[in-house]
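Q: A single structure is presented below for examination.
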Amino acid sequence: MGEAQHVDVVVIGLGVGGEEVAGRLAESGRTVVGVEHGLVGGECPYWGCVPTKMMIRAGDALAESRRIPGLAGSSTQTPDWAPVAKRIREEATDSWDDKVAVDRFTGKGGTFVRGRATIVGPGRVRVGDQEYQASRGLVIATGTAAVVPPVDGLAGTPYWTNREAVEAETLPGSLVVLGGGAIGLELSQVMARFGVDVTVIEGSERVLAMEEPESSETAAAALTEDGVRLCTGVRAQRVGYADGQFTVDLSDGTSRTAEKLLVATGRAARLGDLGLENVGLDPTARFLTTDEWMRAGEKIWAVGDVTGNGNFTHMAMYEADVAVRDILRQGGPAADYRARPRVTFTDPEIGAVGMTGKQARDAGLDVRVGHVPLPQTSRGFIHGPGNAGFIKIIAADGVVVGATTAGPSGGEMIGALVLAVHARVPLATLHSTIWAYPTFHRGIGSALPPVS
Ligand SMILES: Cc1cc2nc3c(=O)[nH]c(=O)nc-3n(C[C@H](O)[C@H](O)[C@H](O)COP(=O)(O)OP(=O)(O)OC[C@H]3O[C@@H](n4cnc5c(N)ncnc54)[C@H](O)[C@@H]3O)c2cc1C
Ligand SMILES: NC(=O)c1ccc[n+]([C@@H]2O[C@H](COP(=O)([O-])OP(=O)(O)OC[C@H]3O[C@@H](n4cnc5c(N)ncnc54)[C@H](O)[C@@H]3O)[C@@H](O)[C@H]2O)c1
């Protein structure tokens, strides 16, 4: 072991959050070492948001063309996965090569180290044979990995996670998906639209179980229309694999077979082998708990999925900004999670912000709820086929505390309500707002609960 290299900050993990922190600190003139054992950019550009949204764009194009009869003549499609796989390989991921991202970071003045980092003491990190001593501190941005549930027989099979699904050059004839959350639903709908026979196994009584019940109903109806079989309230009890076929035995006594099995049962932080015990943090914790400045301990910050505050790229970027300002002692607003947005990119898209009605009631708030089905709005009526969706607004104490916007532009519609929650815009002000006609977002005006 040579001499430790002295720097200002070491950032462990250069996914979305870590890359943002490390890049900004380097640009500000700090000496920064960024350590990444996988690809700089992390899950989002290589196996997450970007490639899956390219898949969804393709699936949505097919679905939209199938809506031409009755609207604009006739149409025929010949779905082909090859252009989707090509876009993912060439445009999204550079064949899973991060040279551009590495150059972007070093171009800002950062020092890049490829390898697995372990914390060996306060401010001290080891990567291979080299140690780094950070005077200002450490930033942990190590993200999450797919959770593989302890189902009998599963571990020894060639199951897919999101990574194999994104890397697939060809699609299987049939697919069983474990988990009806964001990943399960987005990928199931795409694959079904490309002709894959898809079955989703969801342990809860409804898909998208953390969202409004209407979101679950809307997503379930859309996927069923696309030919996806949804099995809710059942769990996989045993998985077998023989002759190129998976067999999944379910808790209701039935079983399903398919060519591929996708595990989409959530994600967990990887804290066990980081050396957290060497700085007084708990390596057995589910996530790294932080204060409102993303401080996880003495001279230790944590940002992104590893904090458990919402597995979303925009949350990783948000927390990165808070941590950077704290590290640079710049001040500004601390982290505030009231207006956390999320979008499930099914068709219809399901945008949401803040609390659901149940969460607001459980928090003891005096809740008022407004709701409008999208087909009953002017734009929904005009849109016709593909207009499923709704807008639901949860208000308390004269402000919006949560909302859901499901529809063809559900992820775009939620923007106005994210601002309303964030800025605590009075309900009365929202009621006097002019919403352009005939937009989908004009439905917000109809969905607003009364002021009192
Ligand atoms: C299929 C899928 C679709 C998604 N779609 C969306 C979406 O549409 N919108 C959205 O907002 N979010 C989406 N997400 C979530 C989004 O990808 C994550 O929230 C985001 O990547 C989190 O960024 P991060 O920096 O916290 O972690 P990550 O991106 O996971 O990066 C962490 C990095 O740390 C590295 N690392 C870990 N341990 C070490 C170590 N000891 N030493 C060195 N390096 C280490 C890892 O290799 C990794 O590159 C999706 C996720 C998936 C899986
Ligand atoms: N559009 C987006 O922003 C987007 C898209 C994909 C993923 N993500 C992020 O990635 C994270 C992970 O996605 P995910 O879909 O894997 O997780 P998730 O937590 O959203 O959903 C997992 C689902 O699997 C179910 N489940 C768990 N164990 C099970 C079992 N043994 N059998 C059957 N069902 C089981 C759960 O009840 C849950 O409904 C999400 O939390 C989300 O934040 C975001």
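Quick reminder: no glycine exception, Cβ is built from N, Cα and C everywhere.
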Q: Check for me: which candidate out of Cys44, Cys231 does TrEMBL give as the disulfide partner of Cys49?
A: Cys44
Q: Check each residue in the chain of Glu202 (NAD(+) binding site) that is at least six apart in sequence and keep those whose C-beta is under 8 Å from its C-beta; list them in sequence order.
A: Gly179, Gly180, Gly184, Ala209, Leu230, Cys231, Thr232, Gly233, Val234
Q: When DSSP is mapped onto helix/strand/coil, what comes out for Cys44 (disulfide bond)?
A: helix
Q: Compared by Cα position, which of the recorded positions Cys44, Cys49, Lys53 is the closest one to Asp305 (NAD(+) binding site)?
A: Cys44
Q: Going through the binding-site residues Lys53, Gly179, Gly181 in sequence order, which have a CB under 6 Å from an atom of ligand 2?
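A: From Lys53, Gly179, Gly181, counting a Cβ under 6 Å from ligand 2 as near, the near ones are Gly179, Gly181.
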Q: In sequence order, which same-chain residues at least six apart have a C-beta under 8 angstroms from Cys49 (disulfide bond)?
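A: Listed in sequence order: Thr313.
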Q: For Cys44 (disulfide bond), write down the residues of its own chain that are at least 6 apart in sequence and whose Cβ falls under 8 Å from its Cβ; none is a fine answer.
A: Gly15, Val16, Val50, Thr313
Q: Can you give me the average pLDDT across the domain 'Pyridine nucleotide-disulphide oxidoreductase dimerisation' (341-444), rounded to a whole number?
A: 98
